[in-house]
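Single-structure report; data block below.
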C-alpha cells in the first residue's frame with residue numbers, strides 16, 4: 001500500500017519541475033532542438049541546392065553560345081584626312097590605334113576613341129606618279145599594296161611596337177617595306193594599274209593587276225632561300241591572261257597562289273588556274289548573282305579559300321573551289337551559302353581576322369554581322385549615319401569603325417563571343433571549306449590559325465549511340481535472361497550465391513574493364529575473329545543440345561542435381577563450348593578466309609577493320625551494363641506476387657508458360673526501366689570507350705570500326721581547351737546533353753518503377 | 001522416361017535452359033575476369049626463368065637469344081607472310097613467342113618475336129643473370145668482370161659463377177649510397193626548396209600589401225641566406241656521395257657476344273632466376289611484391305612500385321569521405337525526418353536517385369568549370385595573390401578532386417542513409433518522444449545510432465565508387481607522376497592544392513599513354529588487381545554490414 005501511495009502522482013508534490021535549473025535545462029533543450037531543426041533544414045536544403053547547381057552551372061556555361069551579337073556606338077568624329085579619298089582603314093590588335101590610307105599616298109594613324117592623329121606619314125610614291133588602285137593582302141598579314149600609274153606597285157606593311165615605359169602601354173605605329181621602298185614592276189608596258197591584287201606567302205609573292213588598256217598582267221616572284229647565306233632571292237615570272245571583259249570589280253588571289261578570281265561588275269565570276277604558269281587558263285566561269293543584279297563588293301574570307309560576293313540587292317554569297325564530281329581532276333566554283341542584308345546594294349565587307357566571320361554594310365547604312373560556318377546572322381541593324389563607305393573590324397573582332405561618305409567615323413563596340421556555333425552547325429550537315437560536299441565533322445583544333453573549326457556534335461552523338469547500341473545488344477539478352485532465370489527458376493540457395501557475384505561486377509571500376517578491353521580483348525578478338533563469331537552461333541545451340549541430353553539422362557543421374565541448379569551444370573558446358581569455338585578459330589580461318597579473316601574482310605568485303613572496334617567496346621561495355629540491368633530486372637521479376645504464378649501453375653500451365661503469360665507481362669515495366677537505366681549507363685560511360693576504341697569521330701555503323709563518344713570526347717579535349725572559348729562551351733554543351741539525356745531516361749525509368757511498385761502493392 | 005524432342009521443345013523448357021545459360025555465362029564472365037586479372041597480376045612478381053635459345057633462321061643463319069618468354073600465340077601463316085616473313089608453303093599456323101630480351105640500351109627495343117619453329121635448342125644456364133636497372137629496363141646476360149674506379153678487381157669467363165658474391169656486395173654498397181642520396185635530394189633539399197619558395201611568396205605578398213620595408217626585406221634575406229648555406233652544404237655532401245656512387249662498374253656479355261659496361265649506380269637488383277630454388281623464388285616474390293606496394297615508380301611508371309598512387313587514392317578517398325558523410329547524412333535526415341512528405345520530397349528523392357546515374361564525366365566537367373576555374377580562380381585572387389599568375393587553387397588539385405567525387409557520391413550516401421532511416425520502426429521513435437525527448441534528442445540518441453550501419457554502408461559504397469572512378473579525376477586533379485606526396489613534412493603538411501596520383505588513372509596512363517606498353521603491361525595487371533581487391537573488399541564489407549543490419553531489425557520488428 002505504501003509503495004502504491006509513493007508512486008501515485010499525488011504523492012510527489014515536492015518534485016518541483018520549475019526550479020531555475022530545470023527551466024534552464026528545458027530551455028537549453030528546446031534551443032538545441034530548434035537549432036537542430038534549422039541546422040538539418042539548412043544543411044539538407046543546401047545539399048539539394050548543390051545538386052541543382054550542377055544543372056544550373058552547366059546551363060550557365062552553355063547559354064552564351066546562343067547569344068546574338070550586340071553592338072553599341074562609343075564615339076563619333078571626323079576622319080583625319082578628308083581632302084582625299086580613303087582607300088583603306090584598319091586597326092591594330094588592341095583596337096586603340098587605327099590607320100587610314102588615302103588616295104594621295106598618305107598614311108595616318110589615329111586614336112580610335114578621339115580621332116586625334118597619332119602619326120602621319122607619306123608613302124614614297126615616285127614624283128609625278130599617281131595612285132590608281134589599292135590591294136590588301138590577308139587581313140592578318142598587315143600587308144598592303146598600291147597600284148601606280150606607271151605600272152608599278154608599292155608594297156608596305158603597317159606594324160606596331162608595344163613598349164611599357166612606366167608600366168604604361170604605349171603603342172607606336174610605323175610602316176615597314178618588306179620588298180624595299182622602291183616600287184616593284186607589275187606591268188612591263190608601264191600602263192596604269194586600275195585594279196590590283198596581292199598575295200604574299202612563304203613560298204612566293206603574286207601580284208595581279210588590270211591595266212587601263214585592258215590587259216591583265218600577273219607577276220609571280222618565287223622565293224628561293226640561299227642555303228649558305230639564308231638570304232631570300234626573288235625569281236620573277238610573268239603571266240599575261242587573256243581578258244575578255246571590261247568592268248572588272250576586283251581581283252583576288254587564293255592562299256596557295258593557284259586560284260585567281262576576277263570579279264566582274266555584271267555578275268560574272270572568272271577563276272583562273274595559275275598553276276600552269278604562262279599557260280594559265282580559265283578554270284570556271286559562273287554567273288554569281290541573279291539576272292539583272294550587279295556585284296557590288298567581293299572579299300576573300302579569312303584563309304582566302306572562300307570568296308564573299310555582295311550584290312546590288314543586299315545578298316551576300318559564299319563561294320569556293322570544289323572538286324568537280326563529274327569531271328575528275330577538275331575544279332569548279334561552288335556556291336555554298338547565302339546571307340541577306342536588307343535590300344540595298346552591299347557597299348563594303350570587312351572580314352574577321354581570327355574567325356570565319358564577316359561584317360557587311362549596305363548603302364542605307366545597315367550593318368550585318370555573320371558567321372559562315374555556322375551560317376548564322378548574328379546582327380542586322382541600321383547604324384551608319386549618312387551614306388556608308390567603309391567598315392573595318394578590329395583583329396579581336398570587338399571594335400568596328402565605320403566611315404561614311406562625308407568623312408565621319410563612328411566607333412562601335414561589338415560583343416560577339418561565339419558566332420561559330422548554331423543549331424545548324426552543331427547538328428546539321430555543314431559544307432566546310434575545301435570539302436567536296438557537306439558533312440558532319442568534328443575537328444576542334446589544328447595547327448593553323450586560319451583553320452575552320454568543325455563543331456558538329458553529330459559524329460559524337462552517333463558514336464555514343466553506336467557504342468551504347470552494341471553494348472546493349474550484348475548486355476540486354478544476357479542480363480534479362482539471367483534475371484528471369486535467377487528470379488523465377490533458380491533455387492534460393494543458389495540465388496543467394498549468384499546475385500552477389502553478378503552485383504560485384506557493377507562495382508568493378510570501368511577503368512579496369514577498359515584496360516582489359518583495350519590490351520587483352522582487342523588483340524584476342526583480332527587473333528580469333530572467326531572463333532568469336534562461332535561462339536555467338538554455337539553457344540545457344542550448344543546449351544540447348546546439352547540440356548536436351550541432360551533431360552534424357554537416366555533418372556538417377558538427373559536426380560543428383562536439386563531443382564533450380566540447372567545453371568550450375570551449364571557452367572562446364574559453356575566453358576567447353578567457348579574452348580571449342582576458340583580452338584576452331586584457326587582452322588575456320590584457314591578453310592573459309594584463306595588464313596586471314598581480317599585481310600579477307602578488308603580486301604574482299606571492303607570493310608575496314610580497326611583493332612579497337614565497336615565489337616570490343618560492345619563486349620566490354622556490355623559487361624559493365626549487365627549487372628545494372630540484371631539487378632533491377634531481377635528485382636522486378638522477383639517481386640511479382642507469388643500467388644499469381646502459383647495460380648497459373650495450379651491451372652496446369654508449364655513453368656515457361658507461366659513465365660511468359662503471367663510473370664513477364666506483370667514485370668515488363670520493371671524490365672523496361674532496367675533497360676533504360678542500363679542504356680543511361682552505357683551512354684555516359686567514359687573510360688571503357690576511351691580505352692577500347694581508337695577515338696576517331698567517324699559516322700559509320702560498321703562493327704569493326706571505332707567511334708568517339710561524347711563522354712570520351714570531353715575527357716580528351718576539356719583539359720586542352722581554352723577556358724571560355726567556344727570549344728570549351730561546346731564541350732560543356734556535350735556534358736549538358738549527356739546530363740539531360742541520362743537524367744530524363746533515369747527519371748522515366750524511376751517513375752515506371754514506382755508505378756510498378758504501387759501496382760504490386762495493390763495485388 | 002525419355003523425352004521426345006518435339007514435346008520437349010513445345011513445353012518451352014529449352015528457353016528455360018537458355019536463360020540458365022545466360023546466368024552461367026554471366027557468372028563465368030565475372031569469375032573469368034577476376035581470375036584473369038589475378039593470374040596476370042600476381043604472375044608479374046614471379047622470377048621467370050631466362051631461356052637461352054639457339055635460333056636458326058630459314059636462311060641458315062644461327063643466332064643466340066637470351067630472355068624471358070612472356071607470351072605465346074598461334075598466328076596464321078598468311079598473316080605472317082603478308083608481313084614479309086618467309087615461311088615454307090606447308091605451314092598454315094605457327095606458334096610464336098614474345099621474348100623479353102631486355103638490354104634496351106644495346107638492342108634498342110626490349111621485346112622480340114621469335115617463331116617457335118626457328119628455335120633449335122633451349123637451355124636454362126644457371127649463371128645467367130637478370131639485372132633490374134634504374135633506366136633502360138632489365139638486363140639479361142653473363143657477368144664477366146667487376147671494376148672498381150675503372151680497374152678490374154674480379155674476373156670470370158662467361159660460363160662461370162665465381163664473382164657473384166663480390167658482385168652482390170657491391171650492389172649492396174651502391175644501394176646504401178643511393179638511399180642516402182635519395183634522402184638528401186628528396187627530403188632535405190626538397191624542404192629547402194619549399195622553404196625558399198615560401199620566402200619568395202612572402203616577399204611578394206609584402207610587396208603587394210606595400211609592407212616591403214627594408215627591415216622586413218632584410219629579415220627575409222637573412223632567412224634566405226641561411227637556407228642557401230644549408231643548401232650549399234648539402235650540395236657538397238651530395239657531390240661526394242655521387243662520386244662514391246659512380247665508382248664501381250661491371251662488365252657483362254649479352255646474347256650476341258657483345259660486352260657492355262654498366263655502373264653499379266644504375267642497378268636496383270640482380271638475380272639468377274635459373275639458379276633459384278623454390279624458397280628463393282618465394283623470397284624474391286615477396287621482395288618484389290613489397291617493392292610494388294611501397295616503392296616509387298621508375299622509368300616513366302613502367303617499373304618499380306605504385307606507392308604514390310596508393311597514397312594519393314587513399315588521401316583523396318579520405319578527404320572525400322570527410323566531406324560526403326556529414327552532408328549526405330544531413331540531407332537524408334532532412335528528407336526523411338524533417339521535410340514535409342509530399343510531392344516535392346518525392347521529386348527530390350527521384351532527382352537524388354537519378355543523380356547517381358548521371359555520367360561521372362559530367363561531374364568532372366562541372367568540377368573543372370565550377371570548382372577549379374570559378375571557385376579556385378576567385379580564391380586565388382582573394383587569398384593567394386602573391387603567387388599569381390601561377391595558380392594555387394585555380395588549377396586541378398587534391399581538394400577539388402575530393403570535392404567533385406564527394407558531389408558524385410553524395411547520392412549514394414543519401415539513398416543508403418534514407419533506406420536505413422526508413423527501416424527504423426516508428427514505434428522506436430514514438431517511444432522516445434513519449435518519454436519526453438525532443439525531436440533532436442530522439443534523432444541523436446535513438447535514430448542515428450540505429451541507422452549508423454546504414455550510413456556506414458553508404459559511405460563504404462561511396463568510397464568504393466570513388467576509388468574506382470577515373471574519368472572525372474582526369475579533369476580535376478590527377479597526374480601521371482606527382483613530384484611529391486600530398487602529405488609531407490613541409491608546412492602546412494597537407495597540400496590540398498597539389499595534384500596527386502591515383503590507382504585507376506595509373507592503369508589508364510601506364511596502359512595507354514606509356515611509350516613502352518609491352519613492358520608496362522604486367523605492372524598494369526598488378527595495379528588492376530590491387531584496385532579490384534580494394535574495391536571488392538569495400539563492397540563485400542558493405543554487403544556484410546547491410547546483411548547484419550537486416551538481421552538486427554528483423555528482431556526489432558517481430
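Every residue, even glycine, has its Cβ placed from backbone N, Cα and C.
Listed ranges B:274-304, B:305-335; the one TrEMBL annotates as transmembrane segment is B:305-335.
Here TrEMBL gives coiled coil for one range in the set B:217-244, B:245-272, B:357-384: that range is B:217-244. Matching B:166-188, B:189-211, B:442-464 against TrEMBL, the residues noted as transmembrane segment span B:442-464. Ranges compared are B:102-124, B:125-147, B:355-377, and TrEMBL records transmembrane segment for B:355-377. Record note: among B:397-421, B:472-496, B:497-521, B:397-421 is the stretch given as transmembrane segment by TrEMBL.
Nonlocal intrachain contacts for the transmembrane segment (B:15-39), taken as residues 6+ away from its ends with a CB within less than 8 angstroms of a stretch CB, comprise 525, 528-529, 532. Contacts between the transmembrane segment (B:523-545) and the transmembrane segment (B:305-335): present, as 3 or more C-beta pairs lie under 8 angstroms, all at sequence separation of six or more. The transmembrane segment (B:355-377) shares the most Cβ pairs under 8 Å with B:397-421, out of the stretches B:305-335, B:397-421, B:442-464. Residues 291-297, 345, 348-349, 352, 398-399, 401-403, 405-406, 409-410, 412-415, 417-418, 421, 443, 448, 455, 458-459, 462-463, 466-467, 473, 477-478, 482, 485-487, 496, 500-506, 523, 527, 530 of the same chain lie 6 or more positions beyond the ends of the transmembrane segment (B:305-335) yet place their CB under 8 Å from a CB of it.
Sequence-distant contacts of the transmembrane segment (B:397-421) (same chain, at least 6 residues past either end, Cβ-Cβ under 8 Å): 312, 315-317, 319-320, 323-325, 327-329, 331-333, 335-337, 349, 352-353, 355-356, 360, 363-364, 366-367, 371-372, 376, 447, 450-455, 457-459, 461-463, 465-466, 469, 472-473, 476-478, 486, 495-500, 549. Regional average pLDDT for the coiled coil (B:217-244) in the model is 88.
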